[in-house]
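In what follows, a single structure is set out as structure tokens and then discussed.
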Amino acid sequence: MTAQPLDVQPTPLALLLLGRESDTSSERGVDCPGDLPAPSDPDLVERARAAKAKLGERVFVLGHHYQRDEVIEFADVTGDSFKLARDAAARPEAEYIVFCGVHFMAESADILTSAGQQVVLPDLAAGCSMADMATAEQVAECWDVLTEAGVADVTVPVSYMNSSADIKAFTGRHGGTICTSSNARRALEWAFGQKTAGAGGGKVLFLPDQHLGRNTAVRDMGMSLEDCVVYNPHKPNGGLTAQQLRDAKMILWRGHCSVHGRFSLDSVREVRDRVPGVNVLVHPECKHEVVAAADYVGSTEYIIRTLEEAPAGSKWAVGTELNLVRRLANRHADEGKEVVFLDRTVCFCSTMNRIDLPHLVWALESLADGRLVNRIQVDDETEKFAKLALERMLALP
Ligand code: 13P
Ligand code: SF4
């Protein structure tokens, strides 16, 4: 029997996964629209330097802590998502903000910068899987469920910075605030202070990271695990009864970080056996049992500061993104501080890692040649309400 030629056309999903088609509600699978230099090009560093020098003060390059070393080398400032958005806003003379981070961060920078500034994301496929776990339609549906259950009036949305501009705008429209991992407690305290009356007292709808919401409520604010319910957008009514919603204080969206969510209690036990005397330091995006078993918990900036202040001879197992942990291990090795990665099987944030030197060179050279590429622009209506929510965060005590 002769083999028949296969006449198989790729499905839309296959094209999306191959990076050939775009998903309009996220940035997954968007091909670079230009000619990228080859990763093996030996002149990449020189080309990035030359393009940056040609642009001079017109460009400001921001680098998130989770970016690759080869990219961080060209950042004018580094920081967490909140600090970078503020840094961008404090640079009104820069015509172009090149954001080496992920899409929601570039959106926040666009919202907080002036109309004359243009924000560029070197690779449009650098999205965030956590931010993609809450879409505007799903969140609107959730609000309808809360309204049906009679609790929307006493609920304040608090959205993590790691969310799309649409979700930030929803938050602003419904009287809520944005938070980061460094001010989540202050944001929750503020939110509970807004609504105290009604069925079951004030509530918070926390989007989209269930772990940061739960860890802040239980570990930092003394609530119980029973005070928290998880709203699953893939189930009818979020998988919750009206009574469960009425009884809850924290309604947690069922989202998580695909990097931090992989650290486990076993990782903590294994590192304590492997490195006697080790201090376990983790990000609050990790699961509750990991955070409960850790010695220190805090945001990216907190992790950096804690290691800076640590005494020589101390040992640390760090549960956050690998690019940052590797950089911190190298930085502190000479001071006699041992820094290891919490779990040897967890890998880099794949979307953060999409920004590499070829994409950065392509973006900088395009701008230097007068071509604006990969602009991230939030529409006016979304920007108005997202900014309101961001400004509430900036005004937190
Ligand atoms: P921060 O930048 O606020 O530390 O958040 C961690 C993170 O996962 C960013 O994507
Ligand atoms: Fe998103 Fe997690 Fe990657 Fe941060 S580390 S960009 S939260 S997937």
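Cβ atoms are placed via backbone N, Cα and C, with glycine included.
As written in TrEMBL, here are the features:
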type: BINDING; residues: HIS64, SER81, TYR160, MET161, ASN162, SER181, HIS283, PRO284, GLU285, THR300; note: iminosuccinate binding site
type: BINDING; residues: CYS128, CYS257, CYS349; note: [4Fe-4S] cluster binding site
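Binding of iminosuccinate is attributed in the record to HIS64, SER81, TYR160, MET161, ASN162, SER181, HIS283, PRO284, GLU285, THR300, and the widest Cα separation among these residues amounts to 17 Å. The [4Fe-4S] cluster site is defined by CYS128, CYS257, CYS349, and by the 8 Å test on Cβ atoms against their centroid, the other residues of the chain that qualify are TYR66, VAL102, SER129, MET130, ALA131, ASN162, SER258, VAL259, HIS260, GLU321, THR351, MET352. Closest by Cα distance to CYS257 ([4Fe-4S] cluster binding site), from the binding-site residues TYR160, HIS283, GLU285, is GLU285. Checking the binding-site residues HIS64, TYR160, HIS283, CYS349 against ligand 2, the ones whose Cβ sits under 6 Å from it are CYS349. In the shown protein chains, 24 other C-beta atoms lie within 10 A of the C-beta of CYS128 ([4Fe-4S] cluster binding site).
Here CYS349 ([4Fe-4S] cluster binding site) comes close to TYR66, SER258, VAL259, GLU321, ASN323: these same-chain residues lie at least six apart in sequence, with C-beta atoms under 8 angstroms from its C-beta. All protein chains shown were included, and the count of other CB atoms within 10 Å of the CB of HIS283 (iminosuccinate binding site) stands at 28. Taking a C-beta cut-off of under 8 angstroms and a sequence separation of 6 or more, HIS64 (iminosuccinate binding site) has the following same-chain neighbours: THR78, GLY79, ASP80, SER81, LEU84, CYS100, GLY101, VAL102, MET105, MET352. The two recorded residues, GLU285 (iminosuccinate binding site) and CYS128 ([4Fe-4S] cluster binding site), have Cα atoms 14 Å apart.
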